[in-house]
Amino acid sequence: MNAKEANFDGLVGPTHNYAGLSFGNVASLSNEKSDANPKAAAKQGLRKMKQLADLGFAQGVLPPQERPSLRLLRELGFSGKDADVIAKAARQAPELLAAASSASAMWTANAATVSPSADTGDARVHFTPANLCSKLHRAIEHESTRRTLAAIFADEARFAVHDALPGTPALGDEGAANHTRFCAEYGAPGVEFFVYGRAEYRRGPEPTRFPARQTFEASRAVAHRHGLREEATIYAQQRPDVIDAGVFHNDVIAVGNRDTLFCHEHAFVDPQAVYDALAASLGALGAQLNVIEVPDRAVSVADAVGSYLFNSQLLAREDGTQMLVVPQECRENANVAAYLDALVAGNGPIRDVRVFDLRESMKNGGGPACLRLRVVLNDAERAAVKPNVWIGDALFASLDAWIDKHYRDRLSPVDLADPALLDESRTALDELTQILGLGSLYDFQR
């Protein structure tokens, strides 16, 4: 059946700020306590969505979550009226207010793991929201993520939206940032590729400086839950030393699409065995794997982390070639820029590179790939998606005006104590649910 890959980007929320909450994320820590521009952040992401939609790619949008999370703050013992809760948290535990105010749900690569209907046991598209249990500010996302996905992909005959895995370190799950899918055609059965940082119950190498957020056990549980065929499911371990170098998700060191894997030579433990396993599984489906392995002598791991070369989108064009969507930091790094020029000049599958300004997201450690959740849909499934979430001229104009109306152009960590920010955010989100036709999505609307 005819199918295409759709990208659902997270719309940056009104509380976008730099609180330095993500240990292991070099950009997040290095920009801690600097001023953010929520309006610019949201517009940068929206313009990427619109330009890709204009190029003919299926592009959807996912709304921000309600922040600050009064639910979290109340669960942590802060009481009183909403303004009192925020004031007490700001005075007694500003780090908890920062966690409750994070706009990190914008990085929808961590929202869920998605398996298309061609791969699953019941021929439905399966979504498992990521529990993100390694970080407090992200561990509060999964219930709202489930609610949002269930509203957009509401047809239970075609879509299965699961709860997150139990939030224990043994089942630490970071979603699609550690998952990709290889296939000959999107509508044909494919090979699903899960990358983990450590195993809870198997002895093996682990990072020593930064935590490994994804476990083998979580990846395997998602595969079982989605009913994936064992012979078409491959697991690989990310190299611990690159996690310690700031590669906190696999999508900072590798990206794949269709029959192509684009990765750094130090991405995986025993990389040749990984390539061989993928090639064998894909070969059994009648497709040939293309591996573009970037040598460390051309682009170091430090260059990859600094530029986010691999946190790019690899998109299939109608002529069968692929296009790489990268942040502008790739052009500002001489080694990476030279590599990209040589890559496009070659005769490989990647023939075009598009550069985007995503500076506000990048300063928190999120590039083009972080901002999108890939969902392969056939024609009938796409028709069943809530229609108002697809980016086109009208929705772009509505969202652009909505951002202008509701977003601040400067936000520092101390501004999170402003009770007006909660009111501004709720007013904005209430209007957004009407624009997107999603009903009463948020706690404050219920």
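All residue numbers here begin at 1 and follow the chain in the order shown.
Even glycines carry a Cβ here, placed using N, Cα and C.
Annotated features in Swiss-Prot:
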BINDING   19-28, N110, 137-138, R213, D251, N364  substrate binding site
ACT_SITE  E174  active site
ACT_SITE  H249  active site
ACT_SITE  C370  active site, nucleophile
From A19, L21, D251, C370: recorded positions whose CA lies within 10 A of E174 (active site): none
Rounded distance in angstrom between the Cα atoms of N110 (substrate binding site) and the residue listed as 'active site, nucleophile': 7
Long-range Cβ environment of H249 (active site), under 8 Å and at least 6 residues apart: A109, N110, E174, A177, N178, R213, Q214, C370
Neighbour tally for C370 (active site, nucleophile), based on other Cβ positions within 10 Å of its Cβ: 27
A19, L21, R138, E174 as recorded positions, winner by CB count within 10 A: E174
